[in-house]
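> First, the structure itself, so that you have it in front of you.
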């Protein structure tokens, strides 16, 4: 091979490598400033936006017409991600996704909501919006704009274009069953050639498979520079919801499921470092099964030490099971239409399915009754030093305040 050909070969390989680096970088950066600037690009102020209805079509501005066109045009090109081999994708309906979005009933959704339920949601959303606007409550990421959120931090926002819904899932807050509901609604997973109709029939391993859901972090690869604009179109039109839980009880639940049971992944990634750093164990078994047989388990105190250690997040962000809700769901950047709570799960689930107008189509799966109870807090924290409890509250204070959970005074004083 001549020197000229060799030079050209290296030039081509170098160019391909640089292009791959650019793609990887922008996928992480989130294309923060590469989108069309229309009416949806401007920040929204004032009262929450009303649910779009038939009368709103007459009020659309020229910019809104562009938004509507782009929404339909881009939605029409949506291709489902690859799913597990035994589960084939649902073929697009005639007319593609555009028909699904265009044919959706955008009429007001709260006709069957009782006055008490309406007041409760209004109070929860008012508390959330109030503290997002209140300068007295400060926490990381509070002041940043939606455009500044990296794509990697948008992976918890699941989109259902068929019913106009966006769900931000929070681990340890009934997210497995809500993911099942989203799979049924979106028809994103087939079993023997037909979409699942019963949420409980969906195998757990498919529920948590990222390829079973369309999430915001996938938009950049599909739509490039238009991804942020399309996200804003959907955030304005769709019903956005999340479910939360008392932050300390959520931590206890995460500890119970990940460290009190044999979990090989969490043992290797988290338990081994915790046991070495906070329990002074230098020689540890290779597997969780061996460790459990030898009586080597992470204590709740070790777990709290790990959370409070300033070096923990210098190595990597908190795992999603104990990461703060404000970091998972960005409630000060996204105006949620419905805030559900695990403490009122049954009532809230029924109300939300009515709001989405799918209550005749499916029921929310019955909840697991061996749930970590808030009454256990004092027992779990009894051996945790007061100073640690106070530091832990500061770490999760934003979640307590934003979602209306009372400060656990009994745990924060002698």
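Cβ from N, Cα, C; glycine included.
Grabbed the feature section from Swiss-Prot, which reads as follows:
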type	residues	note
TOPO_DOM	1-5	topological domain 'Cytoplasmic'
TOPO_DOM	27-414	topological domain 'Lumenal'
REGION	80-125	region 'Disordered'
COMPBIAS	99-125	compositional bias 'Basic and acidic residues'
CARBOHYD	134	N-linked glycosylation site
BINDING	171-177, 245-253	3'-phosphoadenylyl sulfate binding site
CARBOHYD	209	N-linked glycosylation site
CARBOHYD	280	N-linked glycosylation site
CARBOHYD	370	N-linked glycosylation site
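How about a rundown of where these features are and what they're close to?
When the topological domain 'Cytoplasmic' (1-5) is classified with DSSP, helix, strand and coil residues number 3 helix, 0 strand, 2 coil.
Annotation note: residue 134 (N-linked glycosylation site) sits in a coil segment as assigned by DSSP. Listed in sequence order, the same-chain residues six or more apart from residue 134 (N-linked glycosylation site) with CB atoms under 8 A from its CB number zero; the list is none.
In three-state terms derived from DSSP, residue 248 (3'-phosphoadenylyl sulfate binding site) belongs to a helical segment.
All protein chains considered, the CB of residue 209 (N-linked glycosylation site) has 18 other CB atoms within 10 Å.
According to its DSSP assignment, residue 280 (N-linked glycosylation site) is coil.
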> Whole-number answer please: how many Å between the C-alpha atoms of residue 175 (3'-phosphoadenylyl sulfate binding site) and residue 209 (N-linked glycosylation site)?
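Rounded to the nearest whole number, the Cα-Cα distance is 13 Å.
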> Just to verify a number: CA distance, residue 248 (3'-phosphoadenylyl sulfate binding site) to residue 209 (N-linked glycosylation site), in angstrom, no decimals.
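The separation of the Cα atoms works out to 27 Å.
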> How many other Cβ atoms are found within 10 Å of the Cβ atom of residue 250 (3'-phosphoadenylyl sulfate binding site), counting all protein chains shown?
23
> List the Cα distance (Å, whole number) between residue 280 (N-linked glycosylation site) and residue 252 (3'-phosphoadenylyl sulfate binding site).
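So the alpha carbons of residue 280 (N-linked glycosylation site) and residue 252 (3'-phosphoadenylyl sulfate binding site) sit roughly 23 Å from each other.
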> Secondary structure at residue 209 (N-linked glycosylation site) (DSSP, helix/strand/coil)?
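Looking at the DSSP assignment, residue 209 (N-linked glycosylation site) belongs to neither helix nor strand, so coil.
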